[in-house]
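Colleague: Please see the structure below; I have some questions.
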Amino acid sequence: MGLGQPQAWLLGLPTAVVYGSLALFTTILHNVFLLYYVDTFVSVYKINKMAFWVGETVFLLWNSLNDPLFGWLSDRQFLSSQPRSGAGLSSRAVVLARVQALGWHGPLLALSFLAFWVPWAPAGLQFLLCLCLYDGFLTLVDLHHHALLADLALSAHDRTHLNFYCSLFSAAGSLSVFASYAFWNKEDFSSFRAFCVTLAVSSGLGFLGATQLLRRRVEAARKDPGCSGLVVDSGLCGEELLVGSEEADSITLGRYLRQLARHRNFLWFVSMDLVQVFHCHFNSNFFPLFLEHLLSDHISLSTGSILLGLSYVAPHLNNLYFLSLCRRWGVYAVVRGLFLLKLGLSLLMLLAGPDHLSLLCLFIASNRVFTEGTCKLLTLVVTDLVDEDLVLNHRKQAASALLFGMVALVTKPGQTFAPLLGTWLLCFYTGHDLFQQSLITPVGSAHPWPEPPAPAPAQAPTLRQGCFYLLVLVPITCALLQLFTWSQFTLHGRRLHMVKAQRQNLSQAQTLDVKMV
């Protein structure tokens, strides 16, 4: 009886809570990975420079290609608009397939995370294999998790509700960053290794438990006429066919790409999101540099470390408020407001100058928090694009994972452009080359900055001024570009309501929706 009560409590959890918990099991691993993997291989395993850059180059290519590759392999059977016959998949079966994939790939992600912290091969080979394995499983988990957001709910309100719990659990998962400081020690790596084992075991078991709960919810939808865990918009409890046999005519990759090229809102969205991804990674890459050259004389090293940790947690907490605004005003209006806020704060900081330290500190923190928060809201926009893609091309099932993968393919180059363009602009303006004088550790370091070599007195003001203009002019430029591209995006208001209505009409037997219990 003692075991029955916790089990009954778990089975009674709302679907949105179970779905959101998957973000926790990813976040507790990924934030620690981002902070420490570079420092581990450079400082602990002593990887040489050539092996490091070869690994990063291969990783860059793999990271760009695996999203559309895995999305295509997952969803290509859903693309045909032709009627199909024979044995097929119901909407429930599609969701079950995604949940089953998460049940496999989640524990494998945890296992690949462990492979970073134990030396088992030459450093260069281990670096390459670990990065590719980890990113591959992370991509599979992210694609299916995001695809479920589009498959479990259709209404904007319910998708916002699902995303609310993702942000809540992601914020909780980000606390692993703070805990990691107590264990990180490059000289004695055993305690940090044990900490990572604990995280990996917790994450793997969490994925197994959460996916089992989701699977039971979806299977109960067929047996329970009331569908207590999941509400059926139009007949999920039945077994209507969505996807037929492989003998039916399938769409080719070339035809799918041509359809995307005609999808106007998709093109405007990825143009805007490319700038957003660039800005997010620019902030991540240069956050330690800005702290060092603009604030290090006025704040302690421990304060900088706390600011770095808070910068991982605050966007998730802030996103909870943004999501409440989305329910009231819609995602389009909130995102547009955030772009205007970014532009206004940047112009204010530019006019104030680098000597207003309290305003500067607030701007550095808020710039990262609001930018990261915007990135997290854009997942909701992609789910709307999934709906529009289904309606425009009369698909038998929404190709959610594939569309998320195609968005990633177009926008991930922003990750590469951010450090390249940032270092080039700094060198162009100040003559200071970060590659020749390493003033900061990589963002993956546990410590935001080491003691830098003292620059010549004449250089210091120029470098500080260059960092300041980089800090404010990049957000201004990004905001202007994004306001233009976002103004061309029409999937909001009446058009969005029309798309939602048409999707319901086209797929009355296909759509799951979340019941808030």
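Using N, Cα and C of the backbone, Cβ positions are placed for all residues, glycine too.
Annotations per Swiss-Prot:
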type: TOPO_DOM; residues: 1-11; note: topological domain 'Extracellular'
type: TOPO_DOM; residues: 44-55; note: topological domain 'Cytoplasmic'
type: TOPO_DOM; residues: 75-100; note: topological domain 'Extracellular'
type: TOPO_DOM; residues: 119-126; note: topological domain 'Cytoplasmic'
type: TOPO_DOM; residues: 152-155; note: topological domain 'Extracellular'
type: TOPO_DOM; residues: 180-191; note: topological domain 'Cytoplasmic'
type: TOPO_DOM; residues: 224-264; note: topological domain 'Extracellular'
type: TOPO_DOM; residues: 293-305; note: topological domain 'Cytoplasmic'
type: TOPO_DOM; residues: 326-330; note: topological domain 'Extracellular'
type: TOPO_DOM; residues: 351-358; note: topological domain 'Cytoplasmic'
type: TOPO_DOM; residues: 394-402; note: topological domain 'Extracellular'
type: TOPO_DOM; residues: 430-466; note: topological domain 'Cytoplasmic'
type: TOPO_DOM; residues: 486-517; note: topological domain 'Extracellular'
type: TRANSMEM; residues: 12-43; note: transmembrane segment
type: TRANSMEM; residues: 56-74; note: transmembrane segment
type: TRANSMEM; residues: 101-118; note: transmembrane segment
type: TRANSMEM; residues: 127-151; note: transmembrane segment
type: TRANSMEM; residues: 156-179; note: transmembrane segment
type: TRANSMEM; residues: 192-223; note: transmembrane segment
type: TRANSMEM; residues: 265-292; note: transmembrane segment
type: TRANSMEM; residues: 306-325; note: transmembrane segment
type: TRANSMEM; residues: 331-350; note: transmembrane segment
type: TRANSMEM; residues: 359-393; note: transmembrane segment
type: TRANSMEM; residues: 403-429; note: transmembrane segment
type: TRANSMEM; residues: 467-485; note: transmembrane segment
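Quick one: where do these features end up spatially?
Modeller: Model confidence over the topological domain 'Cytoplasmic' (44-55) is summarised by a mean pLDDT of 83.
Proximity of distant same-chain residues to the topological domain 'Cytoplasmic' (119-126), defined by a Cβ-Cβ separation under 8 Å and at least 6 residues beyond the stretch ends, is recorded for 41, 45-48, 50-52, 54-55.
Note on the topological domain 'Extracellular' (326-330): residues 156-157, 160, 377, 380, 492-493, 496 of its chain, located 6 or more positions outside it, place their CB under 8 angstroms from a CB of the stretch.
Each residue in the topological domain 'Cytoplasmic' (351-358) gets a DSSP state, and the totals come to 4 helix, 0 strand, 4 coil.
With helix defined as DSSP H, G or I and strand as E or B, the topological domain 'Extracellular' (394-402) counts 3 helix, 0 strand, 6 coil.
Residues 101, 128, 131-132, 135-136, 139-140, 143-144, 147, 253, 399, 401-406, 408-409, 412-413, 415-416 of the same chain lie 6 or more positions beyond the ends of the transmembrane segment (56-74) yet place their CB under 8 Å from a CB of it.
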Colleague: Pairs 6 or more apart in sequence, C-beta under 8 angstroms, 3 or more of them: is that satisfied by the transmembrane segment (127-151) and the transmembrane segment (192-223)?
Modeller: no
Colleague: Among 12-43, 101-118, 192-223, 467-485, which stretch has the most Cβ pairs under 8 Å to the transmembrane segment (156-179)?
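Modeller: It is 12-43 that shares the most Cβ pairs under 8 Å with the transmembrane segment (156-179).
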Colleague: Any contact between the transmembrane segment (192-223) and the transmembrane segment (467-485), i.e. 3 or more CB pairs below 8 Å with pairs at least 6 residues apart?
Modeller: no
Colleague: Grab the same-chain neighbours of the transmembrane segment (403-429) for me: Cβ-Cβ under 8 Å, and only residues 6 or more beyond its ends, written as numbers and ranges.
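Modeller: Here the qualifying positions are 60, 63-65, 67-72, 139, 142-143, 146-147, 260, 266, 269-270, 273-282, 284-286, 382, 385-386, 389, 435, 466-467, 469-470, 474.
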Colleague: Per DSSP, what is the residue tally for the topological domain 'Cytoplasmic' (119-126) in helix, strand and coil?
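Modeller: Taking each residue of the topological domain 'Cytoplasmic' (119-126) in turn, the totals are 4 helix, 0 strand, 4 coil.
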Colleague: Give the one range among 12-43, 101-118, 306-325, 331-350, 467-485 whose Cβ atoms make the most pairs under 8 Å with those of the transmembrane segment (265-292).
Modeller: 467-485
